[in-house]
Amino acid sequence: MNRGIPFRHLLLVLQLALLPAVTQGKKVVLGKKGDTVELTCNASQKKNTQFHWKNSNQIKILGIQGLFLTKGPSKLSDRADSRKSLWDQGCFSMIIKNLKIEDSDTYICEVENKKEEVELLVFGLTANSDTHLLEGQSLTLTLESPPGSSPSVKCRSPGGKNIQGGRTISVPQLERQDSGTWTCTVSQDQKTVEFKIDIVVLAFQKASSTVYKKEGEQVEFSFPLAFTLEKLTGSGELWWQAERASSSKSWITFDLKNKEVSVKRVTQDPKLQMGKKLPLHLTLPQALPQYAGSGNLTLALEAKTGKLHQEVNLVVMRATQFQENLTCEVWGPTSPKLTLSLKLENKGATVSKQAKAVWVLNPEAGMWQCLLSDSGQVLLESNIKVVPTWPTPVQPMALIVLGGVAGLLLFTGLGIFFCVRCRHRRRQAERMSQIKRLLSEKKTCQCPHRFQKTCSPI
């Protein structure tokens, strides 16, 4: 009885010695769906030797027979391979291409009477909807994972936004700075795998912009897009709310096809001009107070729900002098913090207010500056020259004309004076002659037919 015990122990030791391999600790490798993974298996000696790769069901995937690579009847036979150039170095890794979630399994490498187990976990991260989304829409990322796993996901946007989640990550209200490559890290069993997802946020580069112009200047509006697409088709419209108007109106409508712009309809007042190529570009011939206000450009893209929006503002400045009053005014949407001032060149501000109109009574002669500023930064400037009101400089031609008129008046006056004087003298001479004639006549009746009977010569 006692003699049988050592024999059984000897038999057990013999069986263990005859085992083809000794199982070592299991390694965990994370892979990405659609990607390629390499499962390593190294021999203790750097030489070519026999090895076999099997799955958890002991089905052969690939191995070496003589000097040739052989494959078994597994589902990976057409996607599995090994680096033959590294066999002489004792490296017998297995490469699996175009990974699938169902490739997640425990794989066994048998080499030099030992076994190496590698647990492969394949994950996939995809966007539930199109990766081209309008600004303000939501983004949802879904993680595909093998059964039994409990991964965690952390994503970082191009703008530095960090979002954590499990099998689903939701990003509401996408912003233009979210456009670009998102980096998502999947963690499982202290191992990580990184995903790169390109998200395109369809938006204009700016949410709003303000153009500052002096009255009469040409105005340029630009609406650059924050993305590029091979084919871009859609339609757009610019609605404008003038500060002086009671309601908004459509200034222009246009079509966009393969990055070329064609105008459909445009108002006659003002008559905008539009560029034929991207970026969208509008020209207003003159900046006038009646055009100052705010506009909203919308762009509807083909096969997309919703529209792109950009707000644009126009501020117009006018500097005028009327009689003894110098005035500076602005029209359009301005912040209450903006300062409007009037100053004589090379001197301090005469008047400065947080208002839309300032004025100076009886301004000094010289070059005056009308300035619209924001915290000391000049946004808009208009110059106006004030000339002395008295004495007014007289031009040489005016002097000649005035001299001629004065000479003519003087000559005419002298002529009239001498004519009147000559006539007066003639009448006076006639009267004196008549008096002398009467005195020289005899005292006879002035009317002979009446005094004939009483009058006789002496």
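Residue positions begin at 1 at the first shown residue.
Glycine is no exception: its Cβ is also placed from the backbone N, Cα and C atoms.
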Exercise for the section: Could you identify, going by Swiss-Prot, the member of Cys109, Cys155 that forms a disulphide bond with Cys184? Expected result: Cys155
Fill in the blank from the handout: What Swiss-Prot calls N-linked glycosylation site, among Asn42, Asn296, is Asn296
Exercise for the section: With reference to Swiss-Prot, specify which of the listed residues Cys41, Cys91 is paired with Cys109 by a disulfide. Expected result: Cys41
Problem - Helix, strand and coil counts within the domain 'Ig-like C2-type 2' (204-317) (DSSP) - result: 3 helix, 66 strand, 45 coil
Completion exercise
Whole-number mean pLDDT, the domain 'Ig-like V-type' (26-125), equals 92
Handout entry: Assigned element (helix, strand, coil) containing Ser433 (phosphoserine), judged by DSSP
Key = helix
Fill in the blank from the handout: Counting Cβ atoms within 10 Å of each Cβ, the densest environment among the modified residues Ser433, Ser440 belongs to Ser433
Practice task
Whole-number Å only: compute the distance from the Cα of Cys155 (disulfide bond) to the Cα of Cys41 (disulfide bond).
Solution key: 32
Exercise for the section: Based on Cα distances to Cys419 (S-palmitoyl cysteine), point out the closest of the recorded positions Cys41, Cys184, Cys370, Ser433, Ser440. Expected result: Ser433
